[in-house]
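Novice: Have a look at the structure that comes next, please.
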Amino acid sequence: TFGKEDGEQNTGLNAVFDALVINKLNVLELIQKLLHKDKSLEVSPQRKGLLFRITLLMSGGASILYIRWRIMGTGPPAFTEVDNPASFADSLFVRAINYNYYYSLNAWLLLCPWWLCFDWSMGCIPLIKSVSDWRIIALAALWFCLIGLICQALCSEDSHKRRILTLGLGFLIIPFLPASNLFFRVGFVIAERVIYLPSIGYCILFTYGFSLLSKQAKKKKILAVAVLGILLVNVMRCALRSSQWRSEEQLFRSALSVCPLNAKVHYNVGKNLADKGNQSAAIKYYREAVRLNPKYVHAMNNLGNILKERNELQEAEELLSLAVRIQPDFAAAWMNLGIVQNSLRRFEEAEQSYWTAIKHRKKYPDCYYNLGRLYADLNRHVDALNAWRNATVLKPEHSLAWNNMIILLDNTGNLAQAEAVGREALELIPNDHSLMFSLANVLGKSQKYKESEALFLKAIKANPNAASYHGNLAVLYHRWGNLDLAKKHYEVSLKLDPMAPGTKENYNLLRRKLEQLQKKGSA
């Protein structure tokens, strides 16, 4: 409650409740006395207590604002046009009319919470640009109701009615003010969280309206049934919405019917599908997100990544190049562009893209890792090792970078250095079976068979279905002279992967050797 706008709203609500309910303040009488400078307007002990409490609340509210201001870096957050299009409109008329339309939509969500969406930005609600737009009717209806209620709250002869309506309107309007765009630009069009507290005012007004109707209605049972029906429908809607929030897929898909023009909705559905491995469906939604918002760089980046994985490199490069032209400091897009250029064997461009990514994001271990892969492809071994070392410095648990260092040092004959790097890596990531496997290979070549065997067995225990783990352990036993164990693990490896490179040849060599030994033994 104190995390966002609600933190400031609570202070205003407490002040309204204190004044109207506890102190039973007559707002109309107070306004009249202030306007006429009535000398009878004295501060009683009760009023002094109210002023003191309100002063405390204002101090608390100011403290919350100051803390929030400090957390935000002593400056307002940077919002874009897609977050709140109306606030970027050049015309004061367009801004005012759209702000009021947003108010009417919030009021409608309180009355009929059927159109619910996790995000209302990115074209979800097209701007009203002309008085001929039929949506103007919503503004007129909102202000007709509000003005009528305000007049009754101020001018009714019934003091109880005035106090109830003032309390309801206070709880309805005051908590909404921070989200109204009146004092500062907010980063959303509609945010359902900002009408949680105003719903208190709505409930007060609804309950009071029902009590008035029940006094005048002749068929009170019909009225009671209607109210119970409304309550039941809202409970069902609440249960349905709660179930939608239980999973990302349901939440994102529920927004498609509410905001079909919202690029972010399509993006999130696509991302959820991509995370589940359904790339074909994800592509469809990412393309729609880019169509709805041609400057949506995150959708371009994710779509480019999928196309890269599907080896559709030309289109992937076009999308990622467009993304970095639109947002030149988009480090992830620069890195992914480098990966695509590397796959296209345009190594100089790839290197430049990687360094541009690192320029915009200094601590970028994944980019250093990919840069190292590029240098390894170019046989620039020292540069590759330096790049991977940078990746592990920035992210000590970067298993792929550690593994590549061990393998490169192993392949270039630097077994002692490979062993040192492997031991360092396992100290930081002791349960990584791929590191155990790589270090076990190095130790086997260094004829440290016992230690190598222990690491191989530990890696196999962590990942028993890796054919290469069994195959390399079999090679170790083969070298070590434990031929029966070598035969056993060759057979397990071939069962897991009959096409494992080299394993079948080694197994055949071992069988021939065993046959020769049997012949010698029988002779």
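Even glycines carry a Cβ here, placed using N, Cα and C.
According to TrEMBL, the protein has these features:
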TRANSMEM  50-67  transmembrane segment
DOMAIN    75-147  domain 'DUF1736'
TRANSMEM  134-155  transmembrane segment
TRANSMEM  167-188  transmembrane segment
TRANSMEM  194-213  transmembrane segment
TRANSMEM  222-240  transmembrane segment
REPEAT    263-296  repeat 'TPR'
REPEAT    297-330  repeat 'TPR'
REPEAT    365-398  repeat 'TPR'
REPEAT    467-500  repeat 'TPR'
Novice: Short question: which residues 6 or more past the ends of the repeat 'TPR' (365-398) have a Cβ under 8 Å from it?
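Specialist: Apart from its flanks, the repeat 'TPR' (365-398) reaches 331, 335, 338-339, 342, 347, 350-351, 354-355, 357-358, 404-405, 408-409, 412, 425, 428-429.
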Novice: Please list the DSSP helix, strand and coil residue counts for the repeat 'TPR' (467-500).
Specialist: 28 helix, 0 strand, 6 coil
Novice: By a Cβ-Cβ criterion of under 8 Å, what residues six or more beyond either terminus of the transmembrane segment (194-213) are in contact with it?
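Specialist: Distal contacts: 5-6, 9-10, 13, 106, 109-111, 149, 164-165, 167-173, 175-176, 178-179, 223, 227.
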